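Have a look at the structure below, then the notes.
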Amino acid sequence: MLLYHALNALGIDFEYKIVNLLAKEHLKPEFLKINPLHTVPALDDNGFYLSDSHAINSYLVSKYGKNDSLYPKELKKRAIVDQRLHYDSSVITSTGTAITGQVLWQNNSAIPQAKIDALEGVYKSLDLFLESGDYLAGDSLTIADFHVTAALTGLVTFLAVDATKYPRLAAWIKRIKELPYYEEANGSRAAQIIEFIKSKNFTIV
């Protein structure tokens, strides 16, 4: 999902390969050749290997974009996009992992309220970001929106976005879902993730 939005927005022909982590396919020699750190996603662009979704999307847009709207070249605009990307990779990721890690991998379905409060703090920050425009880095769609969309996909199952408290964030989510490639990039996969999370019967304590 992290790369699907950018790839579809760019109109790139690509081959998508699923790496079965439970079967430890990410530890096989053929995958380690692409990414010795054995993490997903990873990119093979005609023999050029790259890992980390943020780096991959930046590379793809810089190389294949018809213009620079998704990742602006103008220094100040790019700095804002980069700031949003760093917020995603640090704050949103750590907040989300604190919740999903215990539920999905540690089989501990009792989520402390403090972790949910931290997630609400993320929603508050994102709502503040959206004061500057319809998208997270201003008036134009960028790769920052793609990354946060993917990050929130499962997290909204633990805490729904309250439109009365975070109206800009709720409107942004609706706006993103109206993208022509959203359903292919995120929709069906999001449904699978949400159902898997719900199957854990988590509680907030």
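Start at 1 and count along the chain as shown; that gives each residue its number.
Every residue gets a Cβ built from N, Cα and C, even glycine.
Pulled from TrEMBL, these are the features on record:
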- 1-68: domain 'GST N-terminal' (DOMAIN)
- 74-196: domain 'GST C-terminal' (DOMAIN)
Residue distribution over DSSP helix, strand and coil in the domain 'GST C-terminal' (74-196): 93 helix, 4 strand, 26 coil
Helix-strand-coil residue split for the domain 'GST N-terminal' (1-68), DSSP-based: 28 helix, 8 strand, 32 coil
Within the predicted model, mean pLDDT of the domain 'GST C-terminal' (74-196): 92
